[in-house]
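Report on the structure given below.
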Amino acid sequence: MLIAIFLWTFANAFDVNSGVLEYWQPGSCRRDEYFDSATLSCSPISKMTGFENGNPLCAACGPNMTATLDGRDCIQRANATCKCSTNQIRLDRNINGMLLDTVLCITCVQGTYPSPDCTRCLPCDSPKSSGHVNCVCPSITHVRLQNYCLRKDDVVDWPNVRGTYLMKFRSENVDSYYLRNELQVAVHLCKGKDKTACEHLSNMCALTLYADGIACMLFVHNPMAPVWLFYSKQDTEAITSGTRISERYSLKKGDNVCVLDLALARFHLNGEFLSIGEPTLPCQLLRNVRFGINLRKKCRTTAAELLDARMELLSPYLVFKEDNKSFTHALPVFVRMAGENIEDISQQQLVRKFFLVDSVSGFKALPEFMTGKFTKAPGLSVLRYMKSLTVLVNVQNGEAHGKIFAPILITEYDELTHQDLLDNTDVTIDYKVTFILKNSDIDYDVQIAIGVLTGIALILSSIRAWSYYKRNHNGNPSLTVPLWFLVYAMGAVGNAITFVCISVCVYLLVFYKGQTVPYVLLPNEDTENMIRMYVTIAFSFKIVEMVGFVYQYWSLSIFFIDWEQPRTVQHQPRYDSPHTSLRKMYSNRFSKGEGKSTRITSDIIASKRKRRLPKSDRNASPSATSKSSSNDKYISADFSSVCTLAKTPLQETIDHNFPISVWRTFFIANEWCKLQTKRRINVALQSIYTLCILLVFDLESWMLAVPETSAAGRSPEMGNNFTLQYAICTLAYISVYLVQWLVRITFYERYVRNRLQKFVDLCSIANISVFILAHNYYGFYIHGRSVHGFADTDLPTLISDLKKEEDDLCAHRGLVPGTMDQTFILSLTQSFKSLYDKLMLQKDNVRTMKGNDTPSKSWRQLSETRSKVKLFLMQFLDHCSKDEDYIIKEQHILEKLCDIFVLDAKDKSVFYIDNNYSFNRVIVYGNEWLLATFETTVFAFFLALYDSYIFACAMTVLISQLFLIIIRCNVKRNLSKKSLLDKRFFM
């Protein structure tokens, strides 16, 4: 007999733990059958009263009638309440099965007690005697617990202490009245193989969140447990990767296999099995789970609704078909503690039951000191409820595409205190469905891609840092080089991270949309959070790079060289009194034939140059001639020798010379200010075009986490998927930028206006060159010396001069005679930079000019300093300096590609011919790549942070304009300081 019981128990445990049972649908039952939820099968009915969908139709009994115990007939009531007392059994049929006239309540005699179903009287001396009140419970050998009489030997080892009944909530520990009243009896009956009692005990274990305690002792690590509650930790990997589910699911909407059929087995708190079928959780949780579509929604309820919810324990199943038969696969449940971060769920303890709300175990047990008993507290101290529910579905890959492993339910619980219940606090339940494709580790791929590109970025940053070192320090050690390497590296790594994140999301968008077989699935929330983290890092790096860019050109050295020569007249200009008559004002103003020069412009330039050359060697070359001049005049303390060669405007006026107009210089300076903050791309239009594309072309429907590209049938709770939204929005933003950029460089700059070429042309017309030092020994030169000698002329002469250039009737504009090369990249010697700095230091001795209070002496000193610097640069450019000279050469292909200089300027400075307007590197116009990557990163950052592309566009425009405002404010300040011009004349 014992062997038979053991074999039956083992077989039952084996069937249960296998997790797969045949499942009969209620609709598959025949007309003479009904669906029995206890056996999950169809059973014959005894009397045909009606049939619908596999279930018998019930009819209400008439007045003074009640249903029989089997629910198949009606019988006359025995009394008004139609209930028998606790020591009576109820009879409604005769011994031969005939229906009685009325219900009979028969009292069990002494020594017997009613059976649990109240259909017969059982003897008190039976092994399963429960110690009913009709049965004598000897106080010497037994102890009465509720209605049960238990042997003292069976309860002698029971730990009847407060810790046994303690429910550990996060807010407080509660001495649970429910556990004190039910736990010991349930344990005793479960040890006696009472299946209902074991289910009841397993429910208590679930209510404690599977804590180590007496309620869970009979189920943990026990393969022969009466109720299957725990999975073996050794078998967790096999359970989560088992291939018993043979159904192939499809992503195509409308297919019969596009929805996962989840079912829940419902148990009453006392262990009674209620039913199995479609989930009845609030907000339709676990219903209509579409295959391959990640879902996230929030179910909002109140504390009062949770308090009124049914107290049930739930076991999840997946219903699938195989060979036209339905089967159920038991699904594991993982209960995650609050704040617990689980990376590998296969190493966790999986269980079989969960619950929505616990409104029982939170009642406190209040001791009665007189009797030693406990009473139930009037109010619930703590209510525990399910805070979040996640369905994690692992999808098979390769040849088994469309099949899934056993889904896992992940639950997390929260609590409401007594005060929360009184306040009827609003409660939110997070619900998520996540599909993960096996062997598709996007996280690992992203990390590998970022790692590879980061290595390349560090190499390029090293080259830039080395170039910075050569341009600023030229062999002298400096601690700023590692700092700039860090800035360059952060910018390059930020670009790499942004590129990888956008590329991954675009890849998922392209291959996810339109597929019916799951080859690519959208990433889960952890991967999305990882992408958000990477985008945040990239944004931080790009901010540092932009601050470094602004700082690097904060004190840009620039000087405007005016090549205009003063024109000599025979009389000093006179200023007539306002009372002078018109006849006196205009008569004999100039003598006839005086003041007119009969020499042409080129002769004047030649004579000016001859006067600067020594008389002893006029036919010598400029290089040879420069050697005869002494360099001491530049390094003298008062620069008196320089002043003798360059007359100040004040001196020229005294010598009856027309002063050189400064308005051309201010005109070029103002044009440079405008050029500093001009962009190839209009950021405001960029954002407007992006929003128009996203809204007009209805790209929001592509952001839904469904394979379809249309929004037909979109539910209100379905939101945009982060990965798809990030891919579509960034792709639209970049596409609009590329279109703007291509239109600018292929059409606008070629056929409408090229701002850089226009600025160079203006310099040539104004007879002004621009000398720019971006670094200590590196800079740019724009040769604007007019081939006509003078720029202060009337309009007909100006038009005539331009016509001569058009017809090639005059010299070319290039620095080298016979060439058109006007822009150069400079590599300067240390001696040149030292002399230039000494000249510029004189401006620091001049008191700062402040409106009308500026003394005339400060103006004179500042003008003298500017004249000295101008003369020094003019003689240097004309090869008229003894110790400072330069050569002109072409850059090697490697130097152009890497933006470096292979050789340093030792004895002579080097002017590298530049045909690409490289001076745009010191203005916003030439740093479009830096600004474009920065703005794309800003857009991606705010899009990832707030999930709103409208807000992302607005913030991108705002931050971009903020940087432009900072640059624009610095331009005038720095230009006035470095070019020795008064900023009050800047527009």
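Including glycine, each Cβ sits where the backbone N, Cα and C put it.
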Transmembrane segment according to TrEMBL, located in which of 206-227, 448-469: 448-469
Non-local residues, at least 6 beyond the ends, that sit with Cβ under 8 Å of the transmembrane segment (481-511): 442, 445-446, 449-450, 453-454, 456-458, 460-462, 464-465, 468-469, 473, 519-520, 522-523, 531, 534-535, 537-542, 544-545, 548, 702, 723-724, 726-728, 730-731, 734, 930, 933, 936-937, 940
Residues of the parent chain within Cβ reach of the transmembrane segment (683-704), under 8 Å, 6 or more residues beyond its termini: 509, 513, 710-711, 714, 718, 720-721, 724-725, 728-729, 732-733, 735-737, 740, 935, 949-950, 953-954, 956-957, 960-961
Chain residues in Cβ proximity to the transmembrane segment (724-747) (below 8 Å; excluding those fewer than six residues from its ends, i.e. six or more beyond): 501-502, 505-506, 508-509, 512, 522, 531, 680-682, 685-686, 689-690, 693-694, 699, 702-705, 928, 932, 936, 939-940, 943-944, 947, 949, 952
